[in-house]
Each structure stands twice: as structure tokens, then as C-alpha cells.
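Participant: Next up is a structure, given as C-alpha cells.
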Amino acid sequence: MGSLDATSTSLAEDLQDLQLDRPAKGLKSVEELEKLTVDEHLSDIERSVYLLSSGQEVQRISVIHNLPDLLRDTESHDECMRRVVPKVREVLHLAQTEMQVAASSAFLQILQKNLVPVQNYSQTFLQTILNSVDSKDPDVASAWLDTLLDVIDLLPKEVIKKEILGSAIAKGQLAQSVQSRLACCRILGKISTKFEPFVIKKEILPVVQSLCQDVDYEVRGCMCRQLDCVARGMGLEATKSAILPELVELTNDEECHVRIAGLETVVNILSLLDAETCGTTIIPLVCKICQQAVQAEDATLPVVATQLGKLCHGISDNLTDEQRQWFIDFYKKLCHVGLEKNKASSRVTTPLIDKDRGSKESDLTDIFELEDKLVECRKNSAYNFPAMVLFCGAKQFKPELHLTFTHLCKDPHFLVRKTISSGFHEVCKLLGNNANLIQSDLVALLKDESIEVLRGVISTIPAILDCYMSSGSNHTVSESKSGPLSDIIPAFLASENAIFTSHNWRLQEELMRNLSCLSRCYSSESLYNKVIPILRQKLVKARALPVKVAAAHSLLKLTRKVKKREQREEIYHGLIHDFCHARKCYLRNVFIDICRIVIELYSKKFFKETFYEYLLELHTDSVPNIRLSLCSILPDLKRLLILPTDRGLLQQLDACVRKLLVSEKDRDVSDGIQSAVEELDKIHIPMQSMTRRNFFEQDLDDQKKEEEEKLLLDNEEKELKKEEEAAEKKKGDKRNLVSAKKGSENGSSSRIPGPRKGSRAGLSGSNSTTKNDNKPVAPLTKGAGTSNNKLVKSKSINCISQIPRRDSKEVSKTKIVPPGKAPGNKVQVNSNICKPSSGDSNINKKRVSSPKLSRLPLYNSNPNLHHGRPASPSLIPIKASTTSTTNKPSKTTRGSGIPAPGSAGTRRASVPTISTSRRGSLGGQLGTGSYYSLLLLLAWLARQLTFSALFPSFAVVFSFCISAGTHTAKFIKNLVFSDFSYEKLSIYQIMQ
């Protein structure tokens, strides 16, 4: 029990120590506070001197950090150089590491900002830098050496030669320490580009050659890396005679570190050498280095794999075909190195380790180290694959490198697959039209289980899809199911499951954002059915807010590409319902982010019509965070408005702001609305007339968005119109085919011409026929001029026209008389509507389908108003009654020689009277001229629609117009049942 109590007590003490918010035990004493207190009346210079003299370490570091600001002030510049800078140099002799690093940074800033003249700087600050480079503390010495190298770039060569060159040569002597000789190597490499070649040969080259032969391998390696700069300062000829021999010797050094430095220097110096030097010296040297690295399998092998791409690119112009093939084969070996040995070692080493337990740990360590080197070699080879494709050529990719690329994509180590996936887009660009060769490899990488591998592909998938779209497969997935994109895009969408099972929200965000690139290679229906549902789901269920915002951005971007208006509206209404009216407050907060994206991607007009009012509704939200987020977007809403069109929206915005100002109780929201009001007051709402002149450039982007939205609607209307026309055409062809079959079955054709192709039927019910096939024909009235004609009634029930014809004789033409003149020989035809009798008939009519009454050769008793077209008979309905009609005095119609109803030779028709006193009747409200206009409208509708649909209204008005005279009735009949252009008639002709 005692031990248990002790354990619990120690645990309680440990938990108390973890309380980070508790006050510190050791507070500053009064004496310590007095030491940190400085008189407020002191000036900046006096305070700095006082702190450097008697202040603590923190206060001195603060003064050194503030030194560039003191020198920037012109009033205190001279006094600072006279009093503060000497004190700083004095303090640095015994200063700690932190103060030394702060001083090195401050001294560099003084020269970069030109706060001190160069001469003054070289006499004060530069001397301190040179002395501090030899510090015994390696961290301090490294910091001051980096400062010196940066200062050399800013100083003139006279100062460098006078102040730095001598000190650097002195540090390179063999008597100096290794640290001094290493510093000398870096300084000589930096100043070699500042001097002329003869100065370098005389002053610097002997020291360089001595350091290349130094006894310490670190010095030899450091000097080897600086040979590139020395060679560029000396020129080609001096390099060939003095530098190349040293470089060849260093690449054959016994130390691996030196050989690696030599290989890197060879790669960097290639651009300086001529073709002859490359062919005779560099290429054999490189081949030797590569063979030694593969044989030794030491640390040089990963470096060779890293530098091989640059190496091949630099010497490609100087290689023969045989040498080029050697480098390609060597690269293939690097891509497969270690794979076969791993299989063999897994079979052989396992029983050996069990036998010798003592050497187990050492053997495993060696195996793991070697395996790491080989994996790094394959990883570096995968990094250089685009360079090798460029070296080999796209045409030779399939026979030379395709299999190697497939092996790298399926490498057992994820680091290799990650590297090759990150450079996949570069390989696609280099292959061009041959990019479909690596389609299966891309699908395999998209289905990889490693998140790191997926990261490499997902981050570059837009560039990869662009390559496939431009490489001869410029079509969408739905248009070509056998194309390369038909396999890539489903795998891309399937990678979403693996990515969202991890906790890497940055990769999830990148995936959601890159889904918007599918608009270039997916059809509208595919986007709506496959991609948009994924985005809507992640917009609701994703945990990280950046993922939601990225999903919303891609969703709204893809919705602009959806062609059907109903689908777009469904998406917009879904956003409003699922987020603006959501029960969860974080979803309503996402709606505000969605509105920001809509303002960015869509036009101002669209936002104001779709989301504006719903967004303002959130000012009454019960959650303060929602109202606070709304305050931040209010200025953006005001920038969308244009007066006087958006006066109502401006009033809604003002009402929302006033309500938040008056009734808001939350402190944060009150502060937010106050800052929003200050910004709103600065925003000027433009007038509509001014917008076209002064704000045209600012609204150019918005106008472009609005035109795109309008074009989308226009294209949708055109497609719907084309579909309707195609459906009508198909329906008309079917109808004509059926009527043609019926006519052929009857065995004889009608005397009435068939309907003209493409014309609309003037009468409805053309396909309907009467039940009785044989109908009696009413005889003509006495006195008619056409006694040999027979009246044949159409089989259409709705058709009431009577067509006079001659029996087995050619129809004669009617003489056309201009309006206003009486014809010489009046031919009067009194057309009667014959009531079908139930008795037997002696005339057998042939069953024919009711044709259109257009372009029929008919007789007419009145002159034709349209030249070149046959006249039509008058149509005056007679009351179907056996009662006799009453004769009235004859009246002549004004302007014509046609007798009025009731005159000699004609029988008065029984016209139904229309009471003008009855409420709602046509006669009591309109005059004759108004009836003409109404009849024209009804006539046009009758020609466009079916006659049966307008017959009730048309019959009433038509009957009333009969009372105005037979000429008006004839004209209306011609207008409805004949095929002429009544738009060309003048008002005078209509009234006649």
C-alpha cells in the first residue's frame, strides 16, 4: 500500500508540473526589476549605450537588432557611428552565440540597405567580420563566414582585393587549421569571379592547386566544389591546362566524399568546355565513374543516378550512337538495381542468420544500409526519367524506356513510385501524341494504396489531362468510350475513396480543387451524373473547412458547364436548401463561403437574382458566428449594386444593417457590423448611365461572365427548338405516309389536289370522315350562271365549303376584274349549305381523305384581289330550314357591281340576328372596323392552329359580318380558306 501511495503522489506531482497556465514559481525580484528598468527620458542613442554597457544579455541583443534602424535616422546617424558602433564591436569579443548571430545579420542589413558608405563599412564592420570568421565556436564561425560571402557580392573588387584577398590566401596555408583552410576554399571560390584571369592565375591558382592536394579529404572535397567558379574566372584555355588535370585526379580519389564532389564539378563545368575536350576527356571520365559506382555499390551510386540526367543532356551533342546507347542501357541498370538481389537475399540470408546469432545485428545493419542506398538510387533514377526521355527521344520511347517506366511505376518501394508519379506530367508533355502508351501506368498509379503516391498524381492531374486532350484525343469521354480518358477518369474519381480514408486534409483539398479540370474532358451529362454528386457529398460530409470550400469552388465552376437549365437550377436550389436553410450552424456558415465563390465566378446579375436575398436572411440567425461572418460579406454585396435598377436590393441591405446596429447584443458581432458600416460608407454605388462610361473597364470581366451565361441559355433554347422541329418533321412525314397509303388502297385519286408539302392545314379534322359515304347534292338555285356545275361537299365534318365543278369538262378561268369596277357579265352563284338527308342518294361519292383547300381551281363571282391566283367562290351560309325567306328591297354594295342580298336573281339568306342590347355581345361593343381587325386575328390563328379550336368564336363574328354584305363574307372566306398572303393587302382592299 505504501508503494501505491508513493506512486500516486509522484503522478499527482507530475500532473501539476504539466499545468502550463499556472503562474511561474520564480517571479522577478525587486532588485532584478530595477536592473531592467531604464529612464524614459533618455534618447535612443543614450539608451543604447547604457544597455550595451550595463544591460543584460537580452537587452544587448535588442540593441544590436535595432542598430540598422538607428543608422537609418539621419539625425542620429553620426552619433550612432561615433558612440554605439564602437561599443557593439567591443561587446562582441566576449559575446555569446546568440548575440554573435544577431550581429552578423545586422551587419549584412547595414550594407544591403546602403546605410553606411562603403569606405566606412570596410574600416569598421568588415574588419569585425574578418576577425570573427576565425572564431573557435563552429556555429559562430559559420554564421560570420556566410555573412562574409554575402558581403563579397556587394563590395567593389578594389575593396575585396585590398581587404579580403590577402586574408583569404593567408588562411589557406598548410600551417592553418582545417577550419581556416575550409573557409579559404569557400572565399577563393567566391572572389574568383570578381578578378581578371591574370590576377587569378597569379594570386589564386597556386593556392587552389595546393588545396586540391591537401592532406585532409574534407579540404580536397571543398576545394573541388569550388573549381567550377575558378574555371569560369580563368577561361577555357587555362581551365584545360590547369583545372582539368586536378579534376581528373580528384574523381579518382580514394575517398568517396571527394569522388562525389568531383562528379558534381564535372557536371557543372560541361557548359564551359568545347566539343573536343568533352569527347577526349569528359566522356571517358564519366563512363569510368559510372562503372566504378555500379561495381562498388557505395555512396557514389545514388549521386551518379542523380547527376545522370544533367550529364547526358550536357554531352548529348558530342556522343556517337554507340555511346548514346551505352548511357541508355546504364540508366536501365540503375532503375533495376537492387530488385533481383532483394529476391535472392530473402531466400538465402534468412537461414544463415538463424545459424549465427552473434553476427545477426551487424549483418542486418549492413543489409539495411545497402538497401537504403539502392532504394535511393532507384528513386533518383525515377527523378531523372523526364531528362532521359528527352535524351532518348519520343520516337524511341516505346522500344527503349517504356518497360523501364512500367517497372518504376510498380516498384515495391513507395518512395520510387512517389517520385515517378510526381514527374508523370513531364513525361506526358515530352511524349506528345504518344502519351497513350503510358495510360495503363497512370491508371495503376491512381489505384495505388499509398497516399504519398496519390499525392504526386493528384497534384499534377490537370496537366496530365491536358496532355491527353491535346494528343489527338480531343474529345470527351461520352463521345469516345474507347479513348484513353475512358479509363483514366474513372480511376481518378475512384482515388477519392482512398484519399478520404486518410487524415491528410491538404490532399483532400487538392483533390476537390482539381476535380474542376474535368470540365474540359467530360460531357455535360457525365459531369452532372458522376462528378457533381461527389462534390455535393463532400461539401456536406467533409470535416475540414478548406476541403468544403474547395469542393464548393469546383462545384460552382462545373455547374457553369452544365447545359440544361433545369439541372443548374436544381443544383442552386440544393445549395440554398442544404446550407442556407440547414439546421446545423456550420453548414449555414459554409453558405456564406459559397456566396463568396459565386461572386467570384458568376456575374453580378446572376448573384442578385439567385443568392442575394437568401444571404441577407442570415442576419436574423440565432448563432452569433453566422451573423459575424455575414458582416464581413456585406461590403461585397454593396459593390454588386447599380442604381436605379437595384434600388430595392439596396433598401434590403440598408434594413439588414440597421437591424444589426439596433438590435445586436453580441459584442463581437457589434464590432463586426461597426467595421462593416465604416467600409460600406466608403463604397460608391454607380449609376446605370455612368456605368457604361466610367466603370466599363472594371466591369469588363463581369460583362464577359454575363455573356457566357446568356450564351448558355441561348444554346439551350436552340437545341430545344431543333428537337421540336425534328419531332414535327418526323410527325408530318408519318402523317403523309399514312394518307398516301389510304389513297392507294381506294384505287382512285381525288380530283382535288393534295396538300402542298410544308403548308399548314387550313381546316382541322382533315383525317375524319363522315359515316355516310353517299350524300345528296343540293341543286343550284334558279338564275345561277353555272348550271352545269355540281357541288361536292368535303368529307371533313368541320369543312363547310362547297366546291363547284364541271362534269368531265375543263374548268374555265374567271376573268379578274380590278376592285371598284363592275364586271361585264355578272356570274352569280348562290351557295347553300345542304343539310345531309337520311334518304338514299343516287350519287356515289368516292372515299378520299379531306385535303387542304389551297390552290384549287375554283370559279368565283367576284373579282380576285390577288393577281395570278385563282378566285374562290363566295361562301354565304343559309339557314337550313324549309321556311320561305322574305324578300326585301335590293341594295347594292358600295364600290362593286355585285347585288346586295335580296336582289333579283338571288335568294335572301336567313342571317341570324345579333342583339346589340344584350350584355356581353359583340355587336354592342365593337364597330365594323374593329370586327375587321378581330377577323384578321382569328383568320391568322385559324391558319396557324386548327379550325375546330376556333370555330365557336369565329362563327359568331363571321355571322355578324354577313350582315355587312356578301363581299365582306367572301373576303373573310378567302382569307381563311385560300392560300394567299393577306399581309400584303392594303387597308383599302380590306375595306372593299
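All positions are counted from 1 along the displayed chain.
Note that Cβ sites are derived from N, Cα and C of the backbone, with glycine treated the same way.
Since we're looking at a predicted model, the values are computed, not measured.
Sharing the record's features from TrEMBL:
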type	residues	note
COMPBIAS	710-736	compositional bias 'Basic and acidic residues'
COMPBIAS	804-813	compositional bias 'Basic and acidic residues'
COMPBIAS	879-893	compositional bias 'Low complexity'
REGION	710-919	region 'Disordered'
REPEAT	204-241	repeat 'HEAT'
REPEAT	243-281	repeat 'HEAT'
TRANSMEM	949-969	transmembrane segment
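Give me the structural setting of these features: burial, nearby parts and distances.
Facilitator: Residues 560, 563-565, 757 of the same chain lie 6 or more positions beyond the ends of the compositional bias 'Basic and acidic residues' (710-736) yet place their CB under 8 Å from a CB of it.
Helix, strand and coil counts from DSSP across the repeat 'HEAT' (204-241) read 32 helix, 0 strand, 6 coil.
Taken through DSSP, the repeat 'HEAT' (243-281) splits into 33 helix, 0 strand, 6 coil.
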Participant: Are there residues at least 6 beyond the ends of the repeat 'HEAT' (243-281) whose Cβ is under 8 Å from a Cβ of it, and what are they?
Facilitator: 208-209, 212, 217-218, 220-222, 224-225, 227-228, 230-232, 234, 236, 289, 298-300, 303-304, 307, 310-311, 314-315, 317-318
Participant: Summarise the model's confidence over the repeat 'HEAT' (204-241) as a mean pLDDT value.
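Facilitator: Mean pLDDT across the repeat 'HEAT' (204-241) comes out at 91.
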Participant: Please list, for the compositional bias 'Basic and acidic residues' (710-736), how many residues fall into helix, strand and coil according to DSSP.
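Facilitator: Per DSSP, the residues of the compositional bias 'Basic and acidic residues' (710-736) fall into 27 helix, 0 strand, 0 coil.
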